[in-house]
Amino acid sequence: MWIRAHSSLWMLLSLLLLIYLGHLYMWAMVVVIQIFMAHELFNLLRKANTNNQDKRLPKFKHFFFTAMLYVYGRILSQQLVNTVSSDKFLYRLVSNVIKYQMVICYFLYIAGFVWFILSLRKRYYKYQFGQYAWIHMILIVVFAQSAFTVANIFEGIFWFLFPAGLIAMNDVAAYFFGFFFGRTPLIKLSPKKTWEGFIGASVATMIAAFAFANFLGRFQWLTCPRKDLSTGWLKCDPDPIFKPEYIPLPTLIAQWLPWKEIAVLPVQWHALWMGLFASIIAPFGGFFASGFKRAFKIKDFGDSIPGHGGVTDRMDCQMVMAVFVYIYYQSFIAPHDYSVEMVLGQILDPNSYALLQLISTSQITRTMPSQKVETGHQDTVHDVAMDYYGKRLATASSDHTVKIIGVSNNASQHLATLAGHQGPVWQVVWAHPKFGSLLASCSYDGRVILWKEGNQNEWTQAHVFDDHKSSVNSIAWAPHELGLRLACGSSDGNISVFTARPDGGWDTSRIDQAHPVGVTSVSWAPSTAPGALVGSGLLDPVHKLCSGGCDNTVKVWKLSDGQWKLDCFPALKMHTDWVRDVAWAPNLGLPKSTIASASQDGRVIIWTVAKEGDQWEGKVLNDFKTPIWRVSWSLTGNILAVADGNNNVTLWKEAVDGEWQQVSHNHSKA
């Protein structure tokens with residue numbers, strides 16, 4: 001008993017030290033736990049195979065390393081890129097490793113698979129295939145727990161510490177209630193477990209979850225997500241679920257207390273669901289482990305922890321809980337989806353009302369009255385675009401279609417439905433009318449389709465670009481002075497630029513791994529240099545574009561000698577989360593180049609540079625405390641429209657002193 005208490009104290013103190021040191025050290029802790037778990041399961045196999053002299057697992061270290069490279073490469077790729085983005089050599093090296101990571105891991109696995117096949121020996125087939133299956137069982141058990149645990153840690157230590165604490169509380173409470181009140185056996189796999197202990201622990205865990213979440217949720221060090229692999233204390237604007245809401249107490253209660261209201265964190269309501277899972281479902285992880293040990297006739301998986309058995313004995317319920325917390329967080333709390341492609345797609349999913357307002361308010365020189373437009377789509381509207389003359393609206397939707405809607409005299413009329421994509425359509429953009437009635441659309445299916453109008457309201461596919469192998473998230477036509485040229489940003493990290501030839505064909509240039517974790521937005525620079533007059537003819541046209549991505553950066557690219565090259569080094573990095581949108585401002589008569597970037601971190605940053613070769617300077621326009629979906633400049637480049645996650649559109653203008661001031665506020669009624 002004293003040995004168990006002593007080792008428990010040391011484990012608790014070690015955990016607190018690692019929490020103090022930060023996310024990177026906690027990741028190292030998980031890796032150490034993985035190694036111990038694999039070792040214990042390997043020893044279990046050795047004890048089971050008493051009739052075979054060769055008790056080694058074939059190429060186990062090789063498969064273990066491959067699994068670790070794959071799992072952590074997928075989970076922590078963004079943090080790794082953010083860590084090395086300031087070093088040009090490391091940035092390129094890491095970018096290439098991430099680009100080919102899946103290929104590398106696949107061929108490492110195939111190498112082990114081929115070696116296993118070549119090592120098969122007659123009369124040992126059954127034994128060898130059993131060994132091979134055992135390898136995969138160990139890897140699944142070890143990495144299923146660790147992968148989700150590490151993902152939770154980097155979303156915020158809270159999402160590791162809170163569920164782990166619930167499991168410990170439930171375990172202690174079950175022992176307490178079972179010891180003093182236990183009479184009725186719960187399950188044959190664990191004879192000491194009782195219904196009284198199970199029910200008592202469930203109630204106690206639910207109460208503790210509500211209070212524990214309130215306590216942990218007040219520490220930024222625990223709630224801030226880590227976006228890189230650095231160490232040190234974190235400070236951030238708390239997520240809304242960690243901001244207290246004040247609930248007035250009933251008069252009957254308040255008259256007996258010195259306070260009239262109580263502060264409740266929204267995360268506490270989520271904590272109740274997690275407490276329910278920790279007390280009702282997670283214990284079955286322990287029951288499973290008990291049955292597993294009974295099958296092999298052992299008491300513990302190992303003796304790594306005095307008084308507790310092995311590391312695996314301590315991780316049985318934690319494995320079940322870590323997976324649940326990750327799925328719950330991603331489903332009900334996090335503002336993004338699981339896969340990289342769908343994550344990038346969701347970036348382009350603002351409320352359609354906010355988009356329609358942005359269209360009607362940002363194009364100041366040709367405004368139209370704000371009106372509700374019935375699109376006729378069967379699913380979410382992701383983007384809308386007004387044509388050059390303000391007469392037609394193109395809409396993009398998850399129902400795989402693009403619709404053309406006529407808008408005039410406060411009325412709207414459906415004109416055409418363009419069907420050709422095989423996935424959600426993220427964005428639509430109209431070409432300049434000098435090139436005819438031409439529309440481009442991009443989709444989750446990885447394709448960009450050019451639509452051309454023949455007879456009135458009769459549209460056909462003029463060309464299909466399928467160069468990208470992942471979702472194409474953003475497209476933008478170049479200024480018409482540069483010819484018919486289209487830039488495309490994709491989840492595969494690449495930017496493609498398609499240029500029309502006189503013979504009707506298209507030339508393609510690429511910016512490989514522009515943003516290794518994924519490109520979210522592209523925007524072209526004006527064709528004239530800052531301060532130049534339209535049509536002056538004294539300067540060569542400007543061939544530049546900017547891009548934003550999931551690496552939290554904004555980058556500027558310049559076409560030089562037929563190749564696109566980075567025109568700002570290091571990358572423009574002030575955001576702490578994904579850059580959702582970038583917009584290069586018109587610069588007619590203005591003395592500088594200006595880019596606006598909008599981010600998941602809730603901030604809009606204005607980037608400016610006075611002349612070629614100077615460093616870009618960033619300035620926060622405002623912290624909106626909610627994700628920003630879109631930014632759009634007026635045609636004169638002096639007013640910026642911002643659409644945020646609360647379905648509000650605000651207009652901002654730079655004052656004489658250089659400060660940005662809000663000049664209009666339009667609330668959505670959606």
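First residue shown is number 1, and so on along the chain.
Backbone N, Cα and C define each Cβ position, glycine as well.
What you are looking at is a predicted structure, and each value in this text was computed from that prediction instead of being measured.
Taken verbatim from TrEMBL:
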type     : residues : note
REPEAT   : 374-415  : repeat 'WD'
REPEAT   : 418-452  : repeat 'WD'
REPEAT   : 465-498  : repeat 'WD'
REPEAT   : 572-609  : repeat 'WD'
TRANSMEM : 12-39    : transmembrane segment
TRANSMEM : 97-120   : transmembrane segment
TRANSMEM : 132-151  : transmembrane segment
TRANSMEM : 157-182  : transmembrane segment
TRANSMEM : 194-216  : transmembrane segment
TRANSMEM : 267-289  : transmembrane segment
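Remark: the transmembrane segment (157-182) makes no contact with the transmembrane segment (97-120), by the rule of 3 or more CB pairs under 8 A. Nonlocal intrachain contacts for the transmembrane segment (12-39), taken as residues 6+ away from its ends with a CB within less than 8 angstroms of a stretch CB, comprise 60, 64, 68, 76, 138, 141-143, 145-146, 149-150, 153-154, 157, 160-161, 222, 226, 229-234, 302, 304, 310-312, 315. Segment contact is absent for the transmembrane segment (194-216) and the transmembrane segment (97-120), given fewer than three CB pairs below 8 angstroms at sequence separation of 6 or more.
The average per-residue pLDDT of the prediction over the repeat 'WD' (374-415) is 87, rounded to a whole number.
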